[in-house]
Amino acid sequence: MLAKAFYTAVAVFTASVASQTFTSCNPLEKTCPAHPALGASSIKCDFTKGKCDAFNHNPGTTINYSDKGALFSIENDKQAPTIASKKYIFFGRVDVELMASPGQGVVTSVVLQSGDLDEIDWEWVGGRNDEVQTNYFGKGDTTTYDRGAKHPVTAPLTTFHTYSIEWTSKKVDWIIDNQVVRTLNYADAKGGSRFPQTPMEIKLGTWVAGLQGNSEGTVEWAGGYTDFTKAPFQGWYKSISVVDYAGGDAPPKDSIKEYLYGDKSGSWESIKVVKGESSNDSKDDDKVSSTTLQAVPSASSTASASGTKTTGASNPAITHSPNNGTSTTPSTLPISGANSNIISLFGSIFTVVAAAMIIPVF
């Protein structure tokens, strides 16, 4: 997976995931509720066995399950199937095994995002069966467009791969099939001020960027307008595992109830880690899965493109009771245009630059 870094100039580039900057409550602007913590529990979802109770389905999302995993299917421009974790992690590791959706203008995404708009992304454009893109944001800052990168990967639209994020207060590693392809050090993100460092939820989803009415830059980045006569466009998620480091560099020994912003700085040092049993309250009719943390041995990954190495925790097992079949939330999407659906459903940071740029490829 490692390759010599090189740069590709493009005329128009759109860098990121699923929608415009969005958060229901920004703790840098006002007092917000504490985020429920995953803490000493962990998530290990096998979607080939059915629905995972650790995630909520966003309104309008329908997911089918089979021995291939969870099917995120798009048949028209009103759909953007998305699920979001019920609990937050404050540093940690996320591993997702997936096969991205093909289709011009269709995007598959794995997003970690916080209330103050810190973000860490994986994203796949359905017209490219040879690469994956990575990106990050700090405090929703889109004043520069040098955060995105492209990485070669073999047939991501027709082959399952495991994509991981290892996130600590010191760095972020993006990992493909246990090999580091990119490292972001704290100091390299504007001296740490734009380093993602606040508690995040995890979102999985597919959406359409190649829509009539979207900006020219967005459509061009996505590979062109989407031809819905070729629908359905299908992305498959086979499994996901999540470990919370609770503000440290390894899973905590004590139960963690929630994460609370201590001030409006947005620094990781200001986050209060509140011990106790995390609430099992959910935002919809799903019930939170029963999770059990087991011993977490270390697993060393290979050298990154910069020559550094990282040691990541392997993923502890959990116990949950999946329900096979189809899972659908009954809500109807509030339609005033497909773009508004994506904004309300996915809520990650969408950025566009309509000028020549240099994009690093690793």
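Every residue gets a Cβ built from N, Cα and C, even glycine.
The domain 'GH16' annotation in TrEMBL covers 21-254. Per TrEMBL, the feature disulfide bond maps to Cys25-Cys32. Sequence annotations record features per position, and here TrEMBL assigns active site, nucleophile to Glu119. Among the features that TrEMBL reports, active site, proton donor is placed at Glu123.
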Requested in this report: Restricting attention to the domain 'GH16' (21-254), give the mean pLDDT.
Outcome: 97
Query raised in the report: Which site among Cys25, Cys32 has the most other CB atoms no more than 10 Å from its CB, taking these as disulfide-bonded residues?
Result: Cys32
Requested in this report: Count the other Cβ atoms sitting within 10 Å of the Cβ of the residue listed as 'active site, nucleophile', across every protein chain shown.
Outcome: 23
Query raised in the report: Any idea what the Cα distance is from Cys25 (disulfide bond) over to the residue listed as 'active site, nucleophile', rounded to a whole Å?
Result: 15
Report task. In whole Å, note down how far the CA of Cys32 (disulfide bond) lies from the CA of Glu119 (active site, nucleophile). Result -> 18
Query raised in the report: Rounded to an integer, what is the Cα-Cα distance in Å between the residue listed as 'active site, proton donor' and Cys32 (disulfide bond)?
Result: 29
